[in-house]
């Protein structure tokens, strides 16, 4: 309790509205955030998720918790529970920081303001820096967790590519002064992943109604946020609107580098969205035919027998 109280006082003492330019040295804190997620997950796995998983999956049924099949079910539940905790916390944090900003509802303010600031010469608030460190720390941790901790699924390569691209996107968008855009990208991604992980946990817990509802919300949010809002609002702004404000004489060298590198990463993310949507759509059609919409998506039918962490 003493450590938590001290941390609370430290956070309360920070002026989160203070503005500063993004800098490479800010990422010196990244290893601390990665270790933070490692420790928190270990504690939740041992003292919270294990107990909840046993209760929801098996109820009062007497089972041997040391059997490999039993451990496999609990392990998958704990993975989804952990991801749900992160995505929900990340969504709440992103929305709390961005919701009242003008660029949350009008993409042109990604590039102008406050005052006479124009991209890329824009400062950001410390609270936005915190959102970035939180997300970058999680995905850095996730790369190692995917290799050494979590169940190896059949889309391991795609998931690893996603994590690496996400870390690169977060770091580069920060140092290239795209943090405003990045915070909204984080928010629209975390939202659909919350529904996905809730649906998985419901499926593992044999709660078919909740699994069906969560899966349908996941599909709807994926289409609206990742396949509609992301390309037609976010990518339009990063590829077109930004050029309307860029001082090409002042930034004739660094401006194009920032522009092409960041947009290349964003479009690669869109390619992954489309790839996963093809998988989701195929599974949705199959599940509608079998009248069982709650089955898992994005490769939960993993090759676990080939590799177990």
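Backbone N, Cα and C atoms are what each Cβ position is placed from, and that goes for glycine too.
As given in Swiss-Prot:
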DOMAIN    75-289  domain 'TLC'
TRANSMEM  27-47  transmembrane segment
TRANSMEM  84-104  transmembrane segment
TRANSMEM  130-150  transmembrane segment
TRANSMEM  156-176  transmembrane segment
TRANSMEM  215-235  transmembrane segment
TRANSMEM  260-280  transmembrane segment
Any chance the transmembrane segment (156-176) and the transmembrane segment (260-280) have 3 or more Cβ pairs under 8 A, given the pairs are 6 or more apart in sequence?
yes
What stretch, picked from 27-47, 130-150, 260-280, has the most CB pairs under 8 A with the transmembrane segment (215-235)?
260-280
Residue numbers, six or more beyond the limits of the transmembrane segment (130-150), whose CB comes under 8 Å of its CB atoms:
16, 26-27, 29-38, 41, 79, 86, 90, 93-94, 97-98, 156, 159-160, 163-164, 166-167, 170-171, 174, 179, 182-183, 186, 309
Please give the sequence-distant neighbours of the transmembrane segment (27-47): residues at least 6 beyond its ends with Cβ less than 8 Å from one of its Cβ atoms.
78, 81-82, 85-86, 133-134, 136-138, 140-141, 144-145, 171, 174
